[in-house]
Amino acid sequence: QRRVYRTTTHVPQELGQIMDSETFEKSRLYQLDKSTFSFWSGLYSELEGTMILLCGGIPFLWSLSGQISGRAGFGPEYEIVQSLVFLLLATLFSAVTGLPWSLYNTFVIEEKHGFNQQTLGFFFKDAIKKFIVTQCILLPVTSLLLYIIKIGGDYFFIYAWLFTLVVSLVLVTIYADYIAPLFDKFIPLPEGELKQQIETMAKSIDFPLTKVYVVEGSKRSSHSNAYFYGFFKNKRIVLFDTLLEDYSALNKEPAEGEDGENEEKKSKTKNKKQGCKNEEVLAVLGHELGHWKLGHTVKNIIISQMNSFLCFFLFAVLIGRKELFAAFGFYDTQPTLIGLMIIFQFIFSPYNEVLSFCLTVLSRRFEFQADAFAKELGKAKDLYAALIKLNKDNLGFPVSDWIFSMWHYSHPPLLERLQALKDAKQE
């Protein structure tokens, strides 16, 4: 794929009508930089993980967490407390070692290509907030899961699976209402033509829409997106302001008297027009609602839960194997949390790769089906235009190596999607 980025320097003939040479070159350089970053960050991650294993990092951290919990008055019999200290230290270590890579990605690569809208202060405030929120969710959930495994008896894997199912459903339900607003501002889409058209389209396919929000994603990045969430009769649609031509901060003229920080932000993005027209936004939503109408969301949940149940069952089979713990430096103890880490992260690694590939193939199939659904709604022409605009706004490179694409792309390449839409568009 890197060879494709390096050698494809001119717009291919089949792309001549939809992409100008300047945008093509910008997207090529952006994806080349992302590819380079991905290689080095991935290599570092592998080396770090290997060194932790070879140098006994996991048993050392477990011993350290035992010393800390012991000083707080919790002896070895309080395994769950020690597990939570271990988890806190491990996630803190991960956050610290990942920070330089995150900074480089945001303030070098994304900044260089005009996507970053964050200041350094905003970045650190956001990172600290994410860490705190993650711990507030992760630690209580983990403690309850470990407790269930401890007292569950021979069929603990069933209770553990049911617990994780409930937690995942609760998190999906509350995320957009209570967690996401901690990081971004959500405002109801104002009354007007776009909102009326969205409500009309939702009603036409019996989508139980209750609210439409616009999220100020432009405060952190100029990348665009849209999604829906909620269960049963309480569905909400969220549109990034960067998706909407009329709402994107990048399309607005600077107001007089703005402070220096805002002036700096405007200078980064001046002359950059982005977003979609109302008809194109509706086409994108037609695609997203197609996922709901065709049951893709439910199918993904079912597949995820079947996989989760299988993993907990295999965990129950393997957790008693002392040689697994000994291989990772635990000769005298078999902590449940360490067993979860060894089995889910390492033993299942080959299986997870195969599963990931199968889900990628399925995802591409779902994307074609959702495009076809939008076509049935009469949105083929507008979706065609929207896909081109979104590709341009996000500097997606439309040429890909077929093996790389097959393994990594959860969405079909742009040309394949456009070709599938072309016939209906011409009709």
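Each Cβ is built from the backbone N, Cα and C atoms, and glycine gets one as well.
If you check TrEMBL, you get these features:
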DOMAIN    1-185  domain 'CAAX prenyl protease 1 N-terminal'
TRANSMEM  84-104  transmembrane segment
TRANSMEM  131-149  transmembrane segment
TRANSMEM  155-176  transmembrane segment
DOMAIN    188-423  domain 'Peptidase M48'
REGION    253-272  region 'Disordered'
BINDING   His287, His291, Glu367  Zn(2+) binding site
ACT_SITE  Glu288  active site
TRANSMEM  309-331  transmembrane segment
TRANSMEM  337-362  transmembrane segment
ACT_SITE  Asp371  active site, proton donor
Per-region confidence, the domain 'Peptidase M48' (188-423) (mean pLDDT, whole number): 85
The residue listed as 'active site, proton donor' versus recorded positions His287, Glu288, His291 - nearest by Cα: His287
Residues of the parent chain within Cβ reach of the transmembrane segment (337-362), under 8 Å, 6 or more residues beyond its termini: 58, 62, 83, 86-87, 142, 146, 303, 307, 311, 314-315, 318-319, 324-325, 328, 330, 406-410
Spatial separation of Glu367 (Zn(2+) binding site) from the residue listed as 'active site' - C-alpha basis, Å: 9
Greatest C-beta neighbour count within 10 angstroms, which of the binding-site residues His287, His291: His287
Local Cβ density at the residue listed as 'active site, proton donor' - other Cβ atoms counted within 10 Å: 25
Residues within 8 Å of the His287, His291, Glu367 Cβ centre (excluding the Zn(2+) site residues themselves): Glu288, Gly290, His296, Phe366, Gln369, Ala370, Asp371, Phe373, Ala374
CB within-chain contacts under 8 A for Glu367 (Zn(2+) binding site), separation at least 6: Ser410, His411, Pro412, Arg417
Neighbour tally for the residue listed as 'active site', based on other Cβ positions within 10 Å of its Cβ: 19
